[in-house]
Amino acid sequence: MAKMIAFDEEARRGLERGMNQLADAVKVTLGPKGRNVVLEKKWGAPTITNDGVSIAKEIELEDPYEKIGAELVKEVAKKTDDVAGDGTTTATVLAQAMVREGLRNVAAGANPMALKRGIETAVASVSEELLKLAKDVETKEQIASTASISAGDPSVGEIIAEAMDKVGKEGVITVEESNTFGLELELTEGMRFDKGYISAYFMTDPERMEAVFDDPYILIVNSKISSVKDLLPILEKIMQSGKPLLIIAEDIEGEALATLVVNKVRGTFKSVAVKAPGFGDRRKAMLGDIAILTGGQVISEEVGLKLDAVSLDMVGRARKVVVTKDETTIVDGAGDAEQIQGRVNQIRAEIDKSDSDYDREKLQERLAKLAGGVAVIKVGAATEVELKERKHRIEDAVRNAKAAVEEGIVPGGGVALVQAGKTAFDKLDLTGDEATGAQIVKIALDGPLRQIAVNAGLEGGVVVEHVRGIEAGHGLNAATGGYVDLMAAGIIDPAKVTRSALQNASSIAALFLTTEAVVADKPEKTPAAPAGPGGGEMDF
């Protein structure tokens, strides 16, 4: 395919136009008075959302250079969402502000590499100040406030705080759709580990990229499975029962994997295969934990158990399993409560005996998985469109609350960035274009607060100047239009969200500024369809 190449200013301006189109669509959603965006779907009803990353994903531009610019900013939103579950719109606003200021300086003759160094130094300094500003989450109310702001709904914040209180910060919180109206919290014993399906063909829900099975059998094997001959006896027994199967093994490959995939695709037999978590002795121990939790046995030749001789009573059971590309959750295993408690006590004893911090940390993780459990938030709504949007917001709010527990909380509403900037730049000793790079960051830090004010119908510049002049920790409550002590009013953000948004935005901005050429696919001109044959002269 032929390529188009643009250089210098033409290349950068093309990227900027694409970035601006995407950022302008996303930034209207920022803050409590942010608007919604309607996304057309090829099938079904349109989606209404105020989630930055969902909007960004939908935007596809026609111009090749603009398309690349938009894709780069999508990466900012996606990366921030992956790390912290929120802050996608903030990251987009920051990236747009940095690129706009940066390109102005590059056009005026500044050295892009020096600007990049200045931006990186300034961002590191501001990130450090943000972590100093952060206060540890001490109360259930603070978790509720953080999650409420992310979801835009106080009732969501309360239910997430309740869930975290019950399962602890090590526990797992999942969100499910419900047929009833409103929100429900269901606490279930369960376990999650960091291994996903071996093949994407095992998915049952392509939209969420998950394999979800109710009431499955769970086969736990401490070896590789490559021959289908070894698997057949137990597969036949499970197929007769009509239940799905989760296989956890060191690896599944060759004809064994091919057989499972073919049967799954044809709809003959539902199954999903995942690799066992951990390595070496730790893997053995974790497989043992899963076996006790599900009431099964670890099939291992070390203890004289062969795969072709497995009976149904050696296979574990659970109420539900959810497998994504990265992790597996086993909900409500059918294991004996006494045996599970015995295993928990054994791990606690090992923690007390261990003198290695690393071993102790890994044992603590195993303990949390066995004893922590899973909280399920069931969400219902009047329409399918509202249900999807609400569920997505709650999932983001859960990640947001976990981020708050991890690195602490800072004043919300874009104020933390403005106030961290007040002290961060005093320590920097930069000259020339590097100092200009730092100045670009300083100007960009006002962006989120300015946009929140604009979305609330206020004058952005006036609000930013007012916040700079008032007491630290105080800022705009955009919902009421007043200036308050943000922490006391529960207007807070996780430090991790704010820090990730800034770091990801600066990373992409630096790439924009140092771009000297863009190579894009040349759009193909589709030839017009040939004219059809004439109808001829016909008499009737």
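Placed from the backbone N, Cα and C atoms, the Cβ positions cover glycine too.
Source: prediction; values computed, not measured.
As recorded in Swiss-Prot:
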- T29, L30, G31, P32, D86, G87, T88, T89, T90, G413, N477, A478, A479, D493: ATP binding site (BINDING)
Fewest-neighbour residue among binding-site residues, criterion Cβ within 10 Å, set T29, G31, D86, T90, N477: N477
Distant-in-sequence Cβ neighbours of T88 (ATP binding site), under 8 Å, six or more positions away: V26, D51, G52, V53, A56, V76, A77, K78, T80, D81, A501
Diameter of the ATP binding set by C-alpha atoms, the set being T29, L30, G31, P32, D86, G87, T88, T89, T90, G413, N477, A478, A479, D493, in angstrom: 20
T88 (ATP binding site) in three-state DSSP notation: helix
Cβ neighbours of A479 (ATP binding site) where a neighbour is any other Cβ within 10 Å: 13
